[in-house]
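To start, the structure under review is shown below, and the notes come after it.
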Amino acid sequence: MIFKVKFEVTQMILTSLINKSAKALVIVAFVAAPFLAHADDAQKPAVHVTYEPQLDNQRDPNQYCAKCHKFDKIDKNQTLDQSGGELHFGKFHGAHLDKKNPNNGKAITCVSCHGNISENHRRGAKDVMRFEGDIFGNKKPMYSVQEQNQVCFACHQPDKLREKLWAHDVHAMKLPCASCHTLHPKEDAMKGIQPKQRVKLCVDCHGEQQKRKAEQDKLIEQKDKL
């Protein structure tokens with residue numbers, strides 16, 4: 001009888017110890033789980049997250065520019081494909097809109113001529129190509145003649161331009177293309193004027209050049225007399 005009681009007591013003690021041990025193991029496993037997971041993650045290669053902004057209208061870069069450079073004199077519901085080459089972004093006309101680069105066959109977009117914008121573009125950063133044709137202005141252009149014309153030469157090859165008109169041989173290297181050609185022509189790239197009237201463009205430019213030279217010579221002469 002005494003042996004039986006001792007055996008039952010011993011069994012109860014063992015059962016109690018086993019239950020306590022099991023509970024302790026559960027607690028340890030619960031506490032250690034985050035640390036074990038962290039250690040496992042530490043062994044994995046680091047994942048570098050790169051921010052890649054997704055631009056709307058990726059298939060039509062012109063629409064992305066048009067978000068800020070609003071349409072003018074055109075139905076806002078009209079798409080670029082329906083514009084008939086008369087799309088306006090302020091002063092923009094779309095003769096180039098339906099064209100492709102003859103050298104690579106890619107469609108011409110705003111980016112083709114003006115380049116990609118930076119993240120500061122919307123804050124007013126002057127980070128795109130600007131074509132300035134006022135050769136008599138006092139303000140220095142943002143981009144040199146060579147930089148401006150190289151953009152045009154990406155499609156309009158200099159050799160072919162010289163063959164088409166002798167004036168390109170001289171002027172294309174010293175003057176910006178924009179001084180004679182409109183940037184966003186509706187039809188004719190040559191200031192939108194008729195061929196018979198184009199000579200007036202030459203006369204006006206060279207006349208102004210001679211006038212300014214005469215004024216400069218007069219000032220020099222007056223200084224010499226002082």
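Any Cβ shown, glycine's included, is placed from N, Cα and C.
For Cys68 (heme 1 binding site), the count of additional Cβ atoms within 10 Å of its Cβ stands at 10 [all protein chains shown]. Among the features that Swiss-Prot reports, heme 1 binding site is placed at Cys65, Cys68, His69, with the record citing similarity to another entry.
Residues or ranges marked as heme 2 binding site in Swiss-Prot (evidence: similarity to another entry): Cys110, Cys113, His114. There are 18 other Cβ atoms within 10 Å of the Cβ belonging to Cys113 (heme 2 binding site).
Cβ-based neighbour count (10 Å, all protein chains) for Cys152 (heme 3 binding site) stands at 19. Per Swiss-Prot, the feature heme 3 binding site maps to Cys152, Cys155, His156; the stated evidence is similarity to another entry.
In the shown protein chains, 22 other C-beta atoms lie within 10 A of the C-beta of Cys177 (heme 4 binding site). Summarising the annotation, Swiss-Prot assigns heme 4 binding site to Cys177, Cys180, His181 and lists similarity to another entry as the type of evidence.
What Swiss-Prot records for Cys202, Cys205, His206 is heme 5 binding site, and it gives similarity to another entry as the kind of evidence. According to DSSP, Cys205 (heme 5 binding site) sits within a helical segment.
Positions annotated as signal peptide by Swiss-Prot: 1-39.
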Cβ within 8 Å of the heme 2 site's Cβ centroid: which residues qualify beyond Cys110, Cys113, His114?
Cys65, Thr109, Val111, Ser112, Gly115, Val128, Met129
If you count Cβ atoms within 10 Å of the Cβ of Cys202 (heme 5 binding site), leaving out that atom itself, what do you get?
12
Calculate the distance in Å between the alpha carbons (Cα) of His206 (heme 5 binding site) and Cys180 (heme 4 binding site), and round it to a whole number.
12
I'd like the number of other C-beta atoms within 10 A of the C-beta of His156 (heme 3 binding site), please.
18
